[in-house]
Amino acid sequence: MKYLTFLLVFLVIPIVLLAFYNRKQLPMRRIHRPLSTLMLLSLIALVYTTPWDNYLVYRGVWLYGSNRVIGTIGYVPIEEYLFFLLQPLFLSLLFLAFLPKTFFPPKPSLRWHSSHWKGTLIYSLLTFLGVVALKYERLLYAGLILVWAGPVLLGQWAFGAHLIRTYAPTVLKALSVGVTYLWIIDSWAIHDQIWTIAAQTSTGLKIGPLPVEEALFFFLTSLMVLQGLALLLHPQTTHDVDNTTAPHRH
């Protein structure tokens, strides 16, 4: 299968289906400019991921079949740039699909909850482990993932954990379903040799047929997208409503 066909079958079609579903549901929800928010998130993902992924291919961390792509920009296949845009869009639409019809986020507490400290510590530790992993060739891919994703997750959580927590059930549902789906299609793409993970810069450990580094990549990138979406959608961030009038969950 060509890389472009893979994107059409496994991402574009689900995105279209989710878009139709959400089109009927969004009028019942108080969401400020959802389309522009989703587009902004995808654009941010493209800009932030482009130099990092080019470096991965340059270092030979992952490879692609030259007969599977239509061309490259820099070191990376054109289809890969489309993936940067489509993955956030898919996850965002999944998030909106799981959002309760009558849900409106309660006014968050500005006090640092225990989960705020714990999350900050965990993301800091992940970033530190990434720096350490870069010293070892077999840990290079894992290290590059952690030092790239860790600071973003840390910044999101340190800035807005109190906002993200108000969407916690929806984030967890979208994360569980989205990551599982991405793991499945990634496993299929590797099996079909659309792309390949280099043995010399990875541990060789697998979760079923999926290299553990790929599992880590899709888990952390999905978490980055969903935390970012929660921050962008929250009324306290957009200032489009007076939070004092928002109903509270009990």
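Glycine too: its Cβ is placed from the backbone N, Cα and C atoms.
Those TrEMBL annotations? Automatic predictions, nothing curated.
The domain 'Lycopene cyclase' feature in TrEMBL is assigned to 4-96 (among others). Residue counts for the domain 'Lycopene cyclase' (4-96) under DSSP, split into helix (H, G, I), strand (E, B) and coil, are 72 helix, 7 strand, 14 coil.
What TrEMBL records for 6-22 (among others) is transmembrane segment. Here the transmembrane segment (6-22) has long-range neighbours at 34, 79, 82-83, 86-87, 89-90, 93-94, 96-97, 181, 185, 188-189, 192, 194, meaning same-chain residues at least 6 beyond its ends whose C-beta is under 8 angstroms from one of its own.
Residues or ranges marked as transmembrane segment by TrEMBL: 34-52 (among others).
Long-range contacts of the transmembrane segment (81-104) within the same chain: residues 4, 7, 11-12, 14-15, 18-19, 21-22, 25-26, 28-31, 34, 37-38, 41-43, 45-46, 49-50, 53, 73, 167, 170-171, 173-174, 177-178, 182, 221-222, 225-226, 229-230, 246-247, each at least 6 residues beyond the stretch ends and with a Cβ under 8 Å from a Cβ of the stretch. The transmembrane segment annotation in TrEMBL covers 81-104 (among others).
Here TrEMBL flags 116-134 (among others) as transmembrane segment.
Here TrEMBL flags 140-159 (among others) as transmembrane segment.
Look at TrEMBL and you will find 140-226 (among others) tagged as domain 'Lycopene cyclase'.
If one looks beyond the transmembrane segment (171-190) by at least 6 residues along the same chain, the residues whose Cβ comes under 8 Å of a Cβ in the stretch are 6, 10-11, 14, 87, 90-91, 94-95, 97-98, 164, 196-197, 207-211, 214-215, 218-219, 222-223, 226-227, 230. TrEMBL lists 171-190 (among others) with the feature transmembrane segment.
Residues or ranges marked as transmembrane segment by TrEMBL: 215-233 (among others).
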Next on the checklist: Given a Cβ distance threshold of under 8 angstroms, which distant residues of the chain, six or more beyond its ends, lie next to the transmembrane segment (34-52)?
Outcome noted: 22, 26, 74, 76, 81, 84-89, 92-93, 96, 144, 148, 152, 221, 224-225, 228-229, 232-233
Checklist outcome for this item: For the transmembrane segment (215-233), the distant same-chain contacts (Cβ-Cβ under 8 Å, at least six residues beyond its ends) come to 31-32, 34, 37-38, 40-41, 44-45, 87-88, 91-92, 95, 142, 145-146, 149, 152-153, 156-157, 159-160, 163-164, 166-167, 171, 174-175, 178-179, 182-183, 186, 207
Checklist entry - Averaged over the whole of the domain 'Lycopene cyclase' (140-226), what is the pLDDT? => result 97
